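S.K.: Taken from Swiss-Prot, the feature Zn(2+) binding site covers Cys98, Cys101, Cys116, Cys119, and the record attributes it to sequence analysis. The annotation divalent metal cation 1 binding site is assigned in Swiss-Prot to Ala158, Glu178, Glu219 on the grounds of sequence analysis. Marked as divalent metal cation 2 binding site by Swiss-Prot: Glu174. If you look up Swiss-Prot, you'll see Glu174, Glu178, Glu219 marked as divalent metal cation 3 binding site. The feature domain 'Nudix hydrolase' is assigned by Swiss-Prot to 125-248. If you look up Swiss-Prot, you'll see 159-180 marked as motif 'Nudix box', on the strength of sequence analysis.
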Amino acid sequence: MDRIIEKLDHGWWVVSHEQKLWLPKGELPYGEAANFDLVGQRALQIGEWQGEPVWLVQLQRRHDMGSVRQVIDLDVGLFQLAGRGVQLAEFYRSHKYCGYCGHEMYPSKTEWAMLCSHCRERYYPQIAPCIIVAIRRDDSILLAQHTRHRNGVHTVLAGFVEVGETLEQAVAREVMEESGIKVKNLRYVTSQPWPFPQSLMTAFMAEYDSGEIVIDPKELLEANWYRYDDLPLLPPPGTVARRLIEDTVAMCRAEYE
């Protein structure tokens, strides 16, 4: 439940509006509310980091509003809390009125949900499940440059899970659609909440089975097999894509060195 911010309130401040994050001096604000001119605003505690509260403030600042990507180098736990705040702020902003009856809604006091004051419908933050997979063939890994990544970064394949589809089916479909190959021996690795805008990445490793690379030009600029010790520009540390690549490289080193 949110409340009015008081002078001595302190902690981490996730100040967010329209999927943007307030980053004075390029950093996530930390300290007393008075130092950031937040006294009198409303805040919702969304977690704790190293014993300090993390607050969500739904507010637009005139300056220094940036992307949560700018704080990806934070400790994983704090980055995830910042992402949670951005997603919750957008959820509350976009659910002011009921999609069924059009009446005004209000936030639940017991959970992250919005309740309709008329028909009693209950809405929760939307989460979009995605798969991301590292595909290995002998001493090489399949890496691709996506159309949305025109900075030379090469990464593993990924995509959204469709309605009525299992995660395993999503991997097989996305890999075939984007690269034209089949995979086998699929293994779950980890997951990562990814607030761009509201994804949950489920990460897998797989082995090449058959087929030749035929890219989908709507999704990829190019794709190729890269030997583990001769890789192109990779995604930044802290991303699940980077972890998958590094795990694959470690497996190759263990076998080929």
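For all residues, glycine too, the Cβ spot is worked out from N, Cα and C.
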S.K.: Taking every protein chain in this structure into account, which of the binding-site residues Cys98, Cys101, Cys116, Cys119, Ala158 has the most other Cβ atoms within 10 Å of its Cβ?
M.R.: Ala158
S.K.: Let's see if you can do this one: DSSP helix, strand and coil counts over the motif 'Nudix box' (159-180), in that order.
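M.R.: Residue counts in helix, strand and coil order: 13 helix, 2 strand, 7 coil.
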S.K.: For the recorded divalent metal cation 1 site, enumerate neighbouring residues of the same chain (Cβ within 8 Å of the Cβ centroid of Ala158, Glu178, Glu219, site residues themselves excluded), in sequence order.
M.R.: Ala144, His146, Leu157, Gly159, Glu174, Glu177, Ser179, Asp216, Leu220
S.K.: Between Ala158 (divalent metal cation 1 binding site) and Glu174 (divalent metal cation 2 binding site), find the distance joining the two CA atoms and give it rounded to the nearest Å.
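M.R.: Counting only the Cα atoms, the answer is 7 Å.
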S.K.: Once the DSSP letters are reduced so that anything not helix or strand counts as coil, what is Cys116 (Zn(2+) binding site)?
M.R.: strand
S.K.: Please give me the CB contact count at 10 A for Glu178 (divalent metal cation 1 binding site), counting all chains in the structure.
M.R.: 22
